[in-house]
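Residues annotated as domain 'Histone acetyl transferase HAT1 N-terminal' in TrEMBL: 3-150. Per TrEMBL, the feature site 'Interaction with histone H4 N-terminus' maps to Trp162. The feature active site, proton donor/acceptor is assigned by TrEMBL to Glu239. What TrEMBL lists as domain 'Histone acetyltransferase type B catalytic subunit C-terminal' is 249-300.
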Amino acid sequence: VRFPEDLEDENTTFNPEYSHQVFGDDEVAFGYKGLKILLYYIAGNLSTLLRIEYTSKVNEKFDCVEADDVESKIREIIPPGFCTNTDDFVSLLEKEVNFKPFGMLLHTYSVHNEEAGEDIIYQIYKADMTCPGFRDYHERLQTFLMWFIETASFIDVDDERWNYFLVFEKYNKDGATLFATVGYMTVYNYYVYPDKTRPRVSQMLILPPFQGEGHGAQLLETVHRYYMSSPTVLDITAEDPSDNYVKLRDFVLVKLCQDLLCFSPGKLMQGFSQEMVMEAQQKLKINKQHTRRVYEILRLRATDMGDAEQSRSYRLDVKRRLIGPYKKKQRELAKMRRCLRPEELTNQLNQIDLNMQHEQLEESFQQLVSEYRRVLERLAQA
């Protein structure tokens with residue numbers, strides 16, 4: 001909500017992707033007809049209004065059953081101090097002009113908005129719990145995780161090893177410059193013996209009204225650039241990354257790596273090298289596993305897949321990596337031959353059908369190539 005009229009504007013509304021963390025695996029609130037749970041957030045400081053509406057509700061006295069206490073379930077998620085009265089919320093909206101982003105400005109960029117016919121300015125900040133007012137703001141911000149990340153949990157903000165990166169949109173209202181929350185990322189700094197840290201991306205969310213505009217890529221690249229300048233950072237990883245996050249990371253890391261000398265077309269065609277691993281880690285804080293993926297994407301770009309020899313060379317190179325888990329199975333099988341009785345061995349062999357392995361390997365390769373092509377298409381448009 002930026003203006004009072006946004007309260008009634010369906011275009012500013014978005015729905016949760018998940019509600020199982022609040023309403024159980026069935027995602028059901030029992031005992032209501034026409035139930036609407038309405039949460040409004042002021043665009044910048046995220047002050048909250050909760051309204052619960054329904055056309056009818058079961059009555060314990062007459063229906064002998066009790067409706068779910070929906071409000072108490074929501075109260076477990078949103079911090080205290082929220083409004084239940086629209087007038088109170090609108091009076092808070094008038095003070096929004098005083099809200100300013102927290103922490104240190106890291107990056108400013110613009111995105112062209114077709115609808116508005118102009119470039120909109122966005123800024124990325126790094127904050128921590130010492131910033132006045134940030135603790136309360138973060139409590140409100142993290143409530144979105146429950147509705148948009150399937151396995152979300154709230155973090156321990158008293159642990160000083162957390163870093164917070166925030167994206168804001170700058171907009172004008174009555175001649176004043178205001179800020180709207182776009183999304184954020186939390187990163188935990190793990191200790192690596194003897195004197196390094198390994199930042200690990202924990203949670204990342206771009207709010208639905210801003211998705212598909214490139215903010216996730218801007219945020220991840222900014223975070224990488226922030227840590228790249230630190231000599232104590234070993235590399236950057238992610239905790240249990242989603243498929244969407246992996247796609248985003250592929251794009252950002254390839255964009256960062258493509259200008260390194262070790263990824264020149266000539267060197268790519270010679271195969272994956274220790275030089276690539278060293279340079280990507282030292283200059284860009286990228287670990288070996290992610291560097292290998294970057295190599296495969298950039299090598300695909302440098303390969304003429306219409307040329308039988310080049311295509312075969314690329315396919316074998318990628319499959320040699322993909323075959324790792326199958327080779328492990330073969331080693332396990334060799335151990336079994338020495339240890340198992342014939343009938344037990346037959347049972348195990350039935351589970352490891354070589355033809356099936358080849359089919360799975362080819363399927364994995366084709367899927368990977370289509371993922372890589374999407375990254376290269378996005379890179380060509382960037």
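Yeah, the Cβs are placed from backbone N, Cα and C, and that goes for glycine too.
For the domain 'Histone acetyltransferase type B catalytic subunit C-terminal' (249-300), the DSSP-based tally of helix, strand and coil residues reads 40 helix, 0 strand, 12 coil. The DSSP breakdown of the domain 'Histone acetyl transferase HAT1 N-terminal' (3-150) into helical (H, G, I), extended (E, B) and coil residues amounts to 50 helix, 37 strand, 61 coil. For the domain 'Histone acetyltransferase type B catalytic subunit C-terminal' (249-300), the model's pLDDT averages out at 97.
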